[in-house]
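Asks: Straight from Swiss-Prot, here's the annotation block:
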- Thr6: active site (ACT_SITE)
- Ser162, Cys165, Thr168: Na(+) binding site (BINDING)
Amino acid sequence: MEMRGTTILAVKDDKGTAMIGDGQVTMGQAVVMKHSAVKVRTLYNDQVIAGFAGATADAFTLFERFEKKLKTYSGNLVRSAVEMATDWRTDKFLRKLEAMIMVADAEHILIISGNGDVIEPDDGVAAIGSGGSYALSAARALMRNTDMPAADIAQKSMEIASEICVYTNDHFVLKTLEK
């Protein structure tokens, strides 16, 4: 049985980037297996933040591969993401992985999917996972209508998402990078 269910949100402003994830791991459609999973972490000497949604074991495989790409390309986030997406799309083993990752540095937020997509949002806000739509909507509203810093927008948006999405809890891990 697959273990999944999460929300990851990244928000970028003129001072830096924040990424936040909830801690809930759900088995199937009915059982919460863990409340305090850590799905957001720093990579490459704390210069990159990465978060995942989907199958946990698959996500760890993707994190390891992405960190190798960062080392190969001297921390160049965009190049590493493009190379990772190419491998993911063309490798028989990787294509079967059921996870999605979001990576960010102080300048970029990128969503990397198994279809070979590398997507950078136009507005500096991106979200993945079951509660992603709720968190994204809240973050965009706060970005447009307040002067809150990125970390505060991320926190408040995840609080809203956790009130709506049954697969998202309020045990958050928040990581930030300054420009």
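Glycine residues also receive a Cβ, built from the backbone N, Cα and C atoms like all the rest.
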Asks: Tell me, if you would, which residue among Thr6, Ser162 (recorded positions) has the fewest other CB atoms within 10 Å in the structure shown?
Replies: Ser162
Asks: When you average the Cβ positions of Ser162, Cys165, Thr168 for the Na(+) site, which other residues in that chain have a Cβ within 8 Å of that mean position?
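Replies: For the Na(+) site, the extra neighbours are Thr7, Asp22, Gln24, Ser130, Gly131, Tyr134, Ala135, Met158, Ala161, Glu163, Ile164, Val166, Tyr167, Asn169, Asp170.
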Asks: Have a look around Thr168 (Na(+) binding site) and count the other CB atoms within 10 A of its CB, chains all included.
Replies: 29
Asks: Work out how many Å separate Thr168 (Na(+) binding site) and Thr6 (active site) at their Cα atoms, rounded off.
Replies: 5
Asks: For Thr6 (active site) and Cys165 (Na(+) binding site), what Cα-Cα distance in Å is obtained after rounding to a whole number?
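Replies: So the alpha carbons of Thr6 (active site) and Cys165 (Na(+) binding site) sit roughly 9 Å from each other.
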